[in-house]
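Asker: For reference, Swiss-Prot lists these features for the protein:
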type: BINDING; residues: ASP57, GLU58, VAL59; note: adenosylcob(III)alamin binding site
type: BINDING; residues: ARG187, THR188, THR189, GLY190, GLN191, SER192, SER241, TYR266, ARG271, ASN302; note: pyridoxal 5'-phosphate binding site
Amino acid sequence: MISVESKLNLDFNLVEKARAKAKAIAIDTQEFIEKHTTVTVERAVCRLLGIDGVDTDEVPLPNIVVDHIKENNGLNLGAAMYIANAVLNTGKTPQEIAQAISAGELDLTKLPMKDLFEVKTKALSMAKETVEKIKNNRSIRESRFEEYGDKSGPLLYVIVATGNIYEDITQAVAAAKQGADVIAVIRTTGQSLLDYVPYGATTEGFGGTYATQENFRLMREALDKVGAEVGKYIRLCNYCSGLCMPEIAAMGAIERLDVMLNDALYGILFRDINMQRTMIDQNFSRIINGFAGVIINTGEDNYLTTADAFEEAHTVLASQFINEQFALLAGLPEEQMGLGHAFEMDPELKNGFLYELSQAQMAREIFPKAPLKYMPPTKFMTGNIFKGHIQDALFNMVTIMTNQRIHLLGMLTEALHTPFMSDRALSIENAQYIFNNMESISEEIQFKEDGLIQKRAGFVLEKANELLEEIEQLGLFDTLEKGIFGGVKRPKDGGKGLNGVVSKDENYYNPFVELMLNK
């Protein structure tokens, strides 16, 4: 069952019990998810049907279409039904229909509804076109890996965050030439809270760059070009968290992104987005990512920036179990689950390195197929660049000793400023030195029987199992109200975006769920 040799002497019966509890939690929540849709799920359907662009006021056409249907109390049937019916009635394309709605020339909800079977058949046939494009993107990615080969060992993941997509491209190309394997374009501060996706190439962001489809296209093009120069496929990463999770997943699938931040709980805890909204949105976004071959990264590392990494380690493991089960329900295979964790214990903690090693090895053994995402120290980086570089070196050592996969490079200037190109070069050099010098160390080391490292892992697993038992009894929504994750309490009916949640009609239809889950 477990392909990774167990060095921690973990109780795998307990692992299976914990996994079963997480599955029960996910299935319980999934019942709620499947009875509801949201405005952004329906906007994602519009985008996947080919609706794009903005009106004269810069309002995206998918928003105009979905708001129009919602105002006329029709969203419970799904946008696909109204668009397909309008195509049958008018002979126009979805894009032309959206433009007609924007111009006030068409009311989708007043058109005579054709036979429902005919409408669903039309929606399905229209959806197949985009699904084929996404399949094609997946095969392009696979053929590039066949051509260049894929790297074994940790992937060096770096971020660019200038606010200007053209400057981001300059920095990303430099990072790729320095040895980066994954480029993540950080989003501008607050984009999570926009209930629409901006349009076009952007040059003004704060702490990051707007996620737009054009920005995705530009960066993908640049990375393909530099990838051909350096002889490897450079993975591109962005963020589908916030109020537009499935829309950004759809845009990423269309533009061939490779990695997406896509956590089931992050938006609830750290962006105060309503929990009902987030749970529905994460499901469709993961269906899209699963189908597109995109690796998702989850955000457990964020718990450790608000809660103590030593005391709350079990909440990270419990969340990893839950994220895994929600991903499986959305058809996302284990090989695409970049479950997150982080090297965030206080450097003053005695034996802290051993505890970090235990936690990382435990994640590796419990999720043997997952391309685990391991985050660098940030919370206890002080601006002392020399100590910071050493903290990052210890983090790099844990990665290679425990075979982490997606290795987010720490920056020596963390807590001072967003990284300069020179900072990135030093961080890449630090990691490459350690990964090369210690390449086979994980095959050479065992942990002392009943020693500190084994005992710590057993203790964290037991606590995670107890927590999952508690969550199973309470249900996920009540658990989030109690503040168990990251010490953050959120009300079930509070937060942003609840007014965008709609109950489905019995004739509701989303053709992409059917096509993508039955791949």
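Note: Cβ is positioned from N, Cα and C throughout, glycine not excepted.
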Asker: Nearest to GLU58 (adenosylcob(III)alamin binding site) in three-dimensional space, by Cα, is which of the binding-site residues ARG187, THR189, GLN191, SER241, ARG271?
Answerer: GLN191
Asker: The record lists ARG187, THR188, THR189, GLY190, GLN191, SER192, SER241, TYR266, ARG271, ASN302 as binding pyridoxal 5'-phosphate. What's the largest Cα to Cα distance among them, in Å, rounded to a whole number?
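Answerer: Comparing all Cα pairs, the maximum is 18 Å.
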Asker: What's the number of neighbouring CB atoms sitting within 10 A of the CB on VAL59 (adenosylcob(III)alamin binding site)?
Answerer: 14
Asker: Quick one: of ARG187, ARG271, which of the binding-site residues has the smallest count of other CB atoms within 10 A?
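Answerer: Relative to the other binding-site residues in ARG187, ARG271, ARG271 has the fewest Cβ atoms within 10 Å.
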Asker: An 8 Å radius from the center of the ASP57, GLU58, VAL59 Cβ atoms defines the neighbourhood of the adenosylcob(III)alamin site; name the other residues of that chain inside it, in order.
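Answerer: Not counting the recorded site residues, we get VAL54, ASP55, THR56, PRO60.
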Asker: Ten-angstrom check, please: count other Cβ atoms within 10 Å of the Cβ of THR189 (pyridoxal 5'-phosphate binding site), all chains counted.
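Answerer: Excluding its own Cβ, THR189 (pyridoxal 5'-phosphate binding site) sees 13 Cβ atoms within 10 Å.
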Asker: Report, as a single number, how many Cβ atoms besides its own are within 10 Å of the Cβ of SER241 (pyridoxal 5'-phosphate binding site).
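Answerer: If we count other Cβ atoms within 10 Å of SER241 (pyridoxal 5'-phosphate binding site), we arrive at 25.
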Asker: For ARG187 (pyridoxal 5'-phosphate binding site), name the DSSP secondary structure in the helix/strand/coil scheme.
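Answerer: Where ARG187 (pyridoxal 5'-phosphate binding site) sits, the three-state DSSP reduction gives coil.
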Asker: Going by DSSP, is GLU58 (adenosylcob(III)alamin binding site) part of a helix, a strand, or coil?
Answerer: coil
